[in-house]
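Please read the structure below before turning to the comments.
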Amino acid sequence: MPSQILQISHHLPPKSSPSTEMMFKSLIYDDPSTTLLSRFGDDHHTISSTVKPLLSRSSSYNGTAMKTSSSSSAGGFTGWYQNRRRRSNSDNCLSAFSDDTNGTADGGNNSGDRQTTIGQEVGHAAAETFLLTRLCLKLLSYLGVGYRWITRFMALGCYAFLLMPGFIQVGYYYFFSPYVRRSIVYGDQPRNRLDLYLPKNSTGPKPVVAFVTGGAWIIGYKAWGSLLGQQLSERDIIVACIDYRNFPQGSISDMVKDASSGISFVCNHIAEYGGDPDRIYLMGQSAGAHIAACTIVEQVIKESGEGDSVSWSSSQINAYFGLSGGYNLLNLVDHFHSRGLYRSIFLSIMEGEESLRQFSPELVVQNPNLKHIIARLPPFILFHGTDDYSIPSDASKSFAETLQRLGAKAKVILYEGKTHTDLFLQDPMRGGIDEMFEDIVTVVLGDDQEAIGKSVDRRRLVPEFMLKLAHWVSPF
């Protein structure tokens, strides 16, 4: 039965004022046939204070606001960018890699692959272990013994224990599947590596999702995206999970630089692995959503001629998917402090209080001097759970409203009762139908109804009672 769309209007905006489209999705055990759609008018004032740009660049894109209907899942939103003019960019600043080997998309050998050998990977793992141990000791000196941090750490242990059956199965897939290409080098900095998750079916170029993992800017790692990579690859989508330097190994500018280098590698080399360079989607989760948003905004500023030379084009990004992200750091500092990510640590990560505006995409796009970059931004689709206490869902709503008010394409989908980790971990481990997963697949596959309708048996990885307990003890 098609979803029922209920229009709820708090107050009608002027006809000349764009509105942000927001969808509320019910819990999986609620009535899935009911979807509430509300439009929010423009009550905000443009921030006139100068905002230092992240970095820069752009791509011409014009269109009207998306309209959602009960039948839009097959391609309503995809119409936003299907006719976008894509530019190819052969410029590649990452042409030399010292520890490359060969391999193919289907697990064989090919001269185009840059995957390390087992011996190199063991050596790399040992070096990384030593490095991360030293960094953890340094990190502990920042954290001290704050009671909030200690309680979160204990809750994290319980949470990981409850989901361990799923982690073991995903870990086995990650290390032993011939369709996972681990630790492909994309740059010359520490942790400049990415993992590729390849479909079993190698016919035809595949759409690609470049994924930036979360981890509070401190504990992010490329393997955190292995469950997403496995499940999307089962739907004939290539996933590139990009690793990056965490704090204190690097600060936010290093993270954005690494993410940009990883995206550049994907844009310039994904065809060697069976990917379609004209169908690339950028996705981030939690801190990764913030880093990815900073990266794409920085890129369009660069492209507009206000930054350094570029090695990839924002026009290659068909859409941005932001999962449970925060985009206005000024509004989140106190909240993070109350949750155990203390102000002193957070400001160190973000390179000082004076840099918070520079690394807040929601504020950067409102800079009056950067109005010309809006048309170059890809469509933004933001996903958030209404019971997310790590980063409140208002963060996504506010960013979407700001983008839409400025003329960019933006949509926020809220999932009723979902927490910070439900959408990314518990729901995928539950098996069966996953609303957010299907929402992503529908956009990525576009009008390919055959691929969208492909039946994939998503098996349960963790017993239901353990998932429910994990929901309650999650420190995120």
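Placement of Cβ uses the backbone N, Cα and C atoms for every residue, glycine included.
The feature region 'Disordered' is assigned by Swiss-Prot to 92-116. Swiss-Prot lists 92-104 with the feature compositional bias 'Polar residues'. Per Swiss-Prot, the feature transmembrane segment maps to 153-173, 208-228. The substrate binding site feature in Swiss-Prot is assigned to Gly214, Gly215, Ala216, Gln285, Ser286, Ala287; the stated evidence is sequence analysis. The active site feature in Swiss-Prot is assigned to Ser286, Asp388, His420; the stated evidence is a curator's inference.
The structure, with features from Swiss-Prot marked on it.
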{"residue": "Gly214", "record": "substrate binding site", "DSSP class": "coil"}
{"residue": "Gln285", "record": "substrate binding site", "DSSP class": "strand"}
{"residue": "Asp388", "record": "active site", "DSSP class": "coil"}
{"residue": "His420", "record": "active site", "DSSP class": "coil"}
Can you work out which residues elsewhere in the same chain, 6+ from the ends of the transmembrane segment (208-228), have a Cβ less than 8 Å from its Cβ atoms?
139, 166, 170-171, 173-174, 180, 193-195, 197, 237-244, 246-247, 252, 255, 259, 262-263, 266, 270, 275-277, 279-289, 291-292, 295, 321, 324, 341, 349, 424-425, 428-429, 440, 444
Densest Cβ neighbourhood among Ala216, Ala287 (binding-site residues), 10 Å radius:
Ala287
Using the residues the record lists for substrate (Gly214, Gly215, Ala216, Gln285, Ser286, Ala287), what whole-number Å value is the largest Cα to Cα distance?
10
Chain-internal residues near Ser286 (substrate binding site), provided their CB is under 8 angstroms and they sit 6+ positions away
Gly214, Gly215, Ala216, Leu323, Ser324, Gly325, Ser390, Ile391, His420, Phe424, Phe476
Where among the binding-site residues Gly214, Gly215 do you find the Cβ with the fewest other Cβ atoms within 10 Å?
Gly215
Counting other Cβ atoms within 10 Å of each residue's Cβ, which of the recorded positions Gln285, His420 comes out lowest?
His420
How many Å separate the Cα atoms of Asp388 (active site) and Gln285 (substrate binding site)?
13
Applying a 10 Å Cβ distance cut-off over all chains shown, what neighbour count does Asp388 (active site) have?
23
8 Å Cβ shell about Gly214, Gly215, Ala216, Gln285, Ser286, Ala287 centroid, substrate site members excluded
Thr213, Trp217, Gly220, Gly288, Ala289
